[in-house]
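Before I ask anything, here is the structure I am working with.
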Amino acid sequence: MTYTSTMAFHVNCSVQSRPSLFENIDRFKNRLSCSYKPLLKELQQLPMQLDVSKSIRNASVKLLDAFVDSLFQFADQPVLPSQSNFAPVDELNEPHAITSIEGKVPYDFPEGVYIRNGPNPLFGGLKSTSSMFGKTGHMWIEGEGMLHAVCFDKESDGGETWTVLYNNRHVETGTYKLEKQRAKPSFLPAIEGSPPAILLAYLLNMLRFGKVNKDLSNTNVFEHSGKFYSIAENHIPQEIDIFSLDTLGDWDINGTWHRPFNSHPKRAPGTGELVVFGVDAMKPFMELGVVSADGKRLVHKVDLKFNRCTLSHDMGVTERYNVIMDFPLTIDIQRLIKGGPLIKFEKEEYARIGIMPRYGNADSIRWFEVEPNCTFHILNCFEEGDEVVVRGCRSLESIISESCDMDLDKVGWVSGRLRSKGPVEQDAKHFKNDELLFCRSYEWRLNMETGEVKERNLTGTQLSIEFPMINPNFNGVKNKFGYAQTVHGLASATSGMPKFGGLAKLYFEETANKEWEESEGHIKVEYHEFEGNTFCTGAAFVPKEGGLEENDGWIITFVHDEDTNTSKVYIIDTKNFTSEPVAKITLPCRVPYGFHGAFMPIPSHK
């Protein structure tokens, strides 16, 4: 499942110079004219350019704001006690020195910054709205991005003394600044809710702000050519200062990229180029780009000519290929206009994986039909003989889709569907919800010579994992080990929110030998389980400097003890995976659950 922004619409927005009402009308006409003609018939009669004074423009904006304020009522979404650590926190404004460390940071641990992104909604939490047209509400994956960073700096004498600092800060996108300036919720939720209310929210957001939704930047952090970026796939990346956490501005590759990035761009092995794609709800639905190793040029860009808007979150690379996922979780404005959901998992539709030469085009993609599924995260891809091997976290359904016949809490968390434990019928089979919604480690082998596809579940059905990671030095080449967060089924079902009660280490070249691991053809798995009522987010692999083996390193992760309301950072030796963490670092404040983390190895004194 994805825990990221899902609305991949992109229209440029500037807080300092916001487009006028009439410019936004023109933008809105252009964006939706092909799918929303009945509602835009009158708008299309407006002149393309109207010479109006600044005072009239300001009055128009004020009239629209007054209309929204009179028609829509904002309310806080309810938060269950079991959801308390999904609630937002305040910014610290400055780094705090860590004084409480149980165990010790290893002497050969690299200097650098462990950073994690995640939603931290403004104004106290996620909102819902009600009007005569129905209700809309934020999905649990929405909320402005907040960076949580732990800096590890070793004393210059080369000893074993570490200075450890913690800080947090919002990612200050244009829409973040806009709402902060207004000091109140302004964007209407425009993804989840009744179709008429969503369409009206879509229209009013577009007219007032030039875009249909906020730029959240709440999903991931990545590095390219020595610069660091925050990202969510509904907008282009924001460059950040890795130490101060200042937002430095949007990164559009020197004006050559004009649509959102995916949340997981991948560095190509060998060349160091960055491979990205961007999804949009309007054609072209998906474009792929290759960014130069120095980050200054877009060396390749191509329309992949999709015939639907696939909500694709991740991609893969090998030494020669780009790996593209086209699975049937879709965004469809026309479906919304007809009264259906904006986002839907269409299990009767096709699913395919595309293998594309690095600088290829739509015609050069070799497509492989696979069983319908929902896969948001790829663990790794590599070439082996005539095959391209793809490993990821696969589920049979999507936690953010309404296609299952489940009892959804329409005014609460969308993932309240996790709380239903009854069976669901799919393809004449009955599954419990967690069998459909939770992910398993899965492998596809795609033969480039014969076109044959081999699929298999690597770990059986008892282990549910997400947010996979590997030693980043092995991205795109064959690897022996993988790691992931393990889903705590009971805690997730109780809260209706995904919670991760431990970590898993996957041995791809070893076979399971325990009965409860369903050892028939499945791989060996080791587990690191946390204390009761303690859950993690943002786990990342930290390679050991000068390490000789792939699993020389550590897993670092944020954890939260819900009994004591205490947040910590754990460092776990990957070669002694089931043992106690080598260090438990107590943080000065609560860290809400979030999404992806990364370790950036860079000496802070440099």
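Even glycines carry a Cβ here, placed using N, Cα and C.
The feature Fe cation binding site is assigned by TrEMBL to His264, His313, His377, His596.
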Taking the Cβ of His264 (Fe cation binding site) as reference, which residues of that chain separated by at least 6 in sequence fall under 8 Å from it?
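Set apart from His264 (Fe cation binding site) by at least 6 residues yet with Cβ under 8 Å, we have Asn220, Phe222, His313, Asp314, Met315, His377, Ile378.
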Within 10 Å of the Cβ of His596 (Fe cation binding site), how many other Cβ atoms can you find? Include all protein chains, please.
25
Just name the winner among His313, His377 (the binding-site residues) by count of other CB atoms within 10 A of its CB.
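Most Cβ neighbours within 10 Å: His313.
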